[in-house]
């Protein structure tokens, strides 16, 4: 089946035959949540109370007994109507001394998605999926090699973040927390499975749920949110006008159309010049620096000449290059650039006035690093919870 997405007007492949996930309060506006409460014969403010338990205290249906401001007699109906279980953890894998955790989730219709929580000394970041699979077909990405199953709902996206916030708030590892004690989730990056801008409506609603204060959302800082895209130009321009100062990350991976057509197939539709023009418009409108994502592939896109070509495109722009040594996947024979090649690439960019750093890779051994989601991890370090 091919569907036209309302968010960008583009024809993108979707797989038919999947049921829609059940209604969840994270899918609903405040007025819609209140309407559900009144349809149950309850005062509208009961919906606000339930939403506070979810967004502020990260409570789930299993925690209904903790919602003591709700009369016990109404909890079952209210929870059933607006807090269905959308994601079930199938497997959780830890590495980096327990500071990185990948969770494999099963949706109610059996689709598989993954999220990754990473704890750093000064922050905690969760990488979330926006689709089950991906239809962009990038040959070095495990998700792209597997194809697209379906878009995620707003609530399915938000649930990944709420689970991460719940994990960070846990007091001990026995309660499901990470080593180091309780903390606060500070950053969300839409760099998991899927192309976020191909699921624009759900993405936009999810961003509002993450930013808006309780009882409408988690109250995270918009500046701690990053949306990654392979370059869906109409959607980039549309996002620029939404009034949300989130960071835009463009998965560029090549400075020229000939190579990028091979690495990022959507480039045949929106070439490098158009993608970067939209990115610079985004930076101008939002005042936010654009992150240019560039996977360093040995002998493919890591030559000094391509570093110079990339610098020529970016010099003078509000941009930062995030260089990512390619992470291995089973479907690709390409390898990461050698450390010396990485250093040379960075040095040539910086010498031409372009800010650039090499990403601190997390989770490679459990297939949780960039480009590895949906790849088979070589070591299983933790059973499902």
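Using N, Cα and C of the backbone, Cβ positions are placed for all residues, glycine too.
Straight from Swiss-Prot, the features:
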{"type": "REGION", "residues": "1-24", "note": "region 'Disordered'"}
{"type": "ACT_SITE", "residues": "114", "note": "active site, proton acceptor"}
{"type": "DOMAIN", "residues": "120-364", "note": "domain 'Radical SAM core'"}
{"type": "BINDING", "residues": "134, 138, 141", "note": "[4Fe-4S] cluster binding site"}
{"type": "ACT_SITE", "residues": "370", "note": "active site, S-methylcysteine intermediate"}
Residue 114 (active site, proton acceptor) and residue 138 ([4Fe-4S] cluster binding site), distance between Cα atoms, whole Å: 18
Spatial neighbours, same chain, of residue 134 ([4Fe-4S] cluster binding site) - Cβ under 8 Å, 6+ residues apart: 141, 143, 144, 146, 147, 148, 193, 194, 195
The residue listed as 'active site, S-methylcysteine intermediate' and residue 114 (active site, proton acceptor), distance between Cα atoms, whole Å: 12
Residues close to [4Fe-4S] cluster site centre defined by 134, 138, 141, Cβ within 8 Å: 136, 137, 139, 140, 142, 143, 144, 145, 230, 371
In the chain carrying the residue listed as 'active site, S-methylcysteine intermediate', residues 6 or more apart in sequence that have Cβ under 8 angstroms from it: 191, 293, 295, 324, 327, 359, 361
Neighbour count (Cβ, 10 Å) for residue 114 (active site, proton acceptor): 26
Per-residue Cβ crowding (10 Å cut-off), top of binding-site residues 138, 141: 141
